[in-house]
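Asker: Before we start, here is the structure in question, set down as structure tokens.
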Amino acid sequence: MDRLESVLKEERVFYPSEEFRKQAHIKSEEEYQRLYEESVRDPEGFWGRVASELHWFEPWRKVLEGDLPHPKWFVGGKTNLSYNALDRHVKTWRRNKAAIVWEGEPGEERVLTYHDLWREVQRFANVLKRLGVKKGDRVTIYLPMIPEAAIAMLACTRIGAVHSVVFGGFSAGALADRIKDAEAKVLITADGGFRRGGIVPLKQNADEALKDATSVEHVVVVRRTGEEVPWTPGRDHWWHELMEAAPDRCDPEPMEAEEPLFILYTSGSTGKPKGVLHTTGGYMTYVYYTTKLVFDLKDEDVYWCTADVGWITGHSYVVYGPLLNGATTVMYEGAPNWPEPDRFWRIVDKYGVTVFYTAPTAIRSFMKWGEGWPGKHRLDSLRLLGTVGEPINPEAWLWYYHVIGKGRCPIVDTWWQTETGGIMITTLPGAHAMKPGHAGKPFFGVVPEILDGEHRPVENPDEGGHLCITRPWPSMLRTVWGDPERFLQQYFSQHPGVYFSGDGAKRDKDGYYMILGRVDDVLNVAGHRLGTMEIESALVAHPAVAEAAVVGRPDPVKGEAIVAFVTLKEGHTPSDALKEELRAHVAKVIGPIARPDEIRFTDALPKTRSGKIMRRLLRQIAAGEKEIKGDTSTLEDRSVVERLKEGA
């Protein structure tokens, strides 16, 4: 039996204020329940109504055709994402509203109104056309977190080109793999980007990648740093020179709802990265609606999601979701602690940010740096907080709620994936009570099921299993680019007929889902299956601990031994006494079964460039393997792994 034992008890419940609830889009549990039941009973009627809030050049014949794994949404409908994100607003009072508020790491500011952005996007769409880009061609975008990244994405969608954004922190090798797989015709990059006061050599990386990736005919370079960069005449072009020569009118290409919108690569733990393909109509409709309801967006909001556009969160909730809603979206180029650990809070106060969406890994860093930094700032503009990227442990949730939100801002703890396109499980901030550590309830139209290894539903609220989705939803991935077999193998083979997320979860008596981490991060200790996230949450609840990552290593007696890698808060030092204290603390919080066999103190944990802990590498280190295997292109700092290996 493939069931997870859940041993973390978290009973605290928090409620949105009456004032928040009264003004929210969805105001009560009853309203949520009524709409949710309708969305499941009549998905065609429900999603047809939502999609009709957007502009379609031609109406659809059928809202939903077919079932998992190959549903089609809004069949026969024609639309254009850039038209809906820009032209729709430019025809209203929003033309002069700020669309993007940008701050560079060195401190410069730019504000683009909807009218400004509309003109820039059309100009760059014409640039792409002049470089020979046609509908269906792939364009790779390798840029820092600057407005040109959003402009390039929207310009691709305007002419029906398929964008593939590659995070600016990736190496030349990772970039080359992604260009080759997509067979991109044009690469858009910059002379460099700023990060922690240094310069990221994007153009040099691009040149290196193109020695290996030969499909690219043209490279467009944004002048960001002013650094001297190598140049290939005929192939390389300055962004500003091409833009000066381009007209600012470009009619949007009417796109079939199921035509490709973008490819985004997600790392497999082995083998080459997977190119997740999203399509136009369903993705647009779903990110529009989730942004509106999950973040309770109003016209006067200043919304800031701290993700980079190189990740799905940046696609859906920095660029497309906010702009489809006519919102003001904040973009920041640099690190959260540059030049000091209060950079984020400075930005919140400076621009009057009202909705703030960030990752648990960032929140744990803020905790480590101490309450003094946010304490220097008012933060009184904030009305709603969100988290994304991994489960948030209750301790970090409570810190976020009290220290950043001052106890007055609801928190939406959102579960979703690159593959799902948009938020799948969350609380709706005016409708639901919040439970720290629980993501919440399914969004409209989402039908989750927790299954055991025999494909049977897990009914016991204290038991976890595999988190699956049993019905199609509009923004789901349609395939893995160029590899339909891998698509079926990866997502639909484990539990036939349903989408398997790869995550473990449990559902409590109130229908709230708690995400227990990746199923391949499950420990099997003396016949008990334990989720690593619960043990990590117990460790982080100790006052000395900043972050923890728990993995298993083979053990001849227990099957797996529990190894915890722990970083400490400032003011605490590693010692054998502290190791014993932490082991006893976990045993007390969870039970003796979860007591770590080994605790290793470290100054940092190996993370991806989006801040997720790479437990796969820690498993190899814990097992004493000298050679690190598998794809490490997303690893942010290789020296962390080397130091951990030396300390082993």
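Including glycine, each Cβ sits where the backbone N, Cα and C put it.
So Swiss-Prot has the following annotated:
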type: BINDING; residues: ARG195, ARG196, GLY197, GLY198, THR313, ASN337; note: CoA binding site
type: BINDING; residues: GLY389, GLU390, PRO391, ASP413, THR414, TRP415, TRP416, GLN417, THR418, ASP503, ARG518, ARG529; note: ATP binding site
type: BINDING; residues: VAL540, HIS542, VAL545; note: Mg(2+) binding site
type: MOD_RES; residues: LYS612; note: N6-acetyllysine
Asker: Counting only residues 6+ away in sequence within the same chain, which have a CB under 8 Å from the CB of ARG196 (CoA binding site)?
Answerer: GLU105, GLY334, ALA335, TRP338
Asker: Spatially, and counting Cα to Cα, which of the recorded positions is closest to GLY389 (ATP binding site)? Options: GLY197, GLY198, HIS542, LYS612.
Answerer: LYS612
Asker: Would you list, in sequence order, the recorded positions among GLY198, THR313, HIS542, LYS612 whose CA lies within 10 Å of the CA of THR418 (ATP binding site)?
Answerer: THR313
Asker: Cβ-Cβ under 8 Å from VAL540 (Mg(2+) binding site), same chain, 6 or more residues apart: which ones?
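Answerer: Looking at Cβ-Cβ distances below 8 Å from VAL540 (Mg(2+) binding site), excluding near sequence neighbours, one finds ARG364, ASN393, GLU395, ALA396, ALA546, GLU547, ALA548.
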Asker: In whole Å, how far does the CA atom of ARG195 (CoA binding site) lie from that of PRO391 (ATP binding site)?
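Answerer: Checking the Cα atoms of ARG195 (CoA binding site) and PRO391 (ATP binding site) gives a distance of 27 Å.
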Asker: For GLY197 (CoA binding site), which of the binding-site residues ARG518, HIS542, VAL545 has the nearest Cα in space?
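Answerer: Considering only the listed binding-site residues, the nearest one is VAL545.
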Asker: List only the single closest residue to ARG518 (ATP binding site), chosen from the recorded positions GLY198, VAL545, LYS612 by CA-CA distance.
Answerer: LYS612
Asker: Helix, strand or coil: which one is LYS612 (N6-acetyllysine) in, per DSSP?
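Answerer: The residue in question, LYS612 (N6-acetyllysine), is coil (DSSP, three-state).
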Asker: In sequence order, what residues of the same chain, 6+ apart, have a Cβ less than 8 Å from the Cβ of LYS612 (N6-acetyllysine)?
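Answerer: The list for LYS612 (N6-acetyllysine) reads THR361, GLY389, GLU390, given in order along the sequence.
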Asker: By CA distance, which of the binding-site residues (GLY198, THR313, ASN337, VAL545) lies nearest to PRO391 (ATP binding site)?
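Answerer: Checked the binding-site residues GLY198, THR313, ASN337, VAL545; minimum Cα distance to PRO391 (ATP binding site) goes to THR313.
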Asker: For ARG195 (CoA binding site), which of the three DSSP-derived states applies: helix, strand, or coil?
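Answerer: DSSP call for ARG195 (CoA binding site): strand.
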Asker: Out of GLY198, THR313, ASN337, THR414, TRP416, which of these binding-site residues is nearest VAL545 (Mg(2+) binding site) by C-alpha distance?
Answerer: ASN337
Asker: Name the secondary structure element type, per DSSP in three states, that contains VAL540 (Mg(2+) binding site).
Answerer: helix
Asker: Could you tell me the C-alpha distance between THR313 (CoA binding site) and TRP416 (ATP binding site) in angstrom, no decimals?
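Answerer: Answer for this pair: 9 Å between alpha carbons.
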Asker: Do you know offhand how many angstrom separate THR414 (ATP binding site) and ASN337 (CoA binding site) by C-alpha?
Answerer: 24
Asker: What is the set of residues, excluding VAL540, HIS542, VAL545, whose C-beta falls within 8 angstroms of the centroid of the C-beta atoms at the Mg(2+) site?
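Answerer: So the additional residues around the site are GLU395, ALA538, LEU539, ALA541, PRO543, ALA544, ALA546, ALA548, VAL566, LEU582, HIS585.
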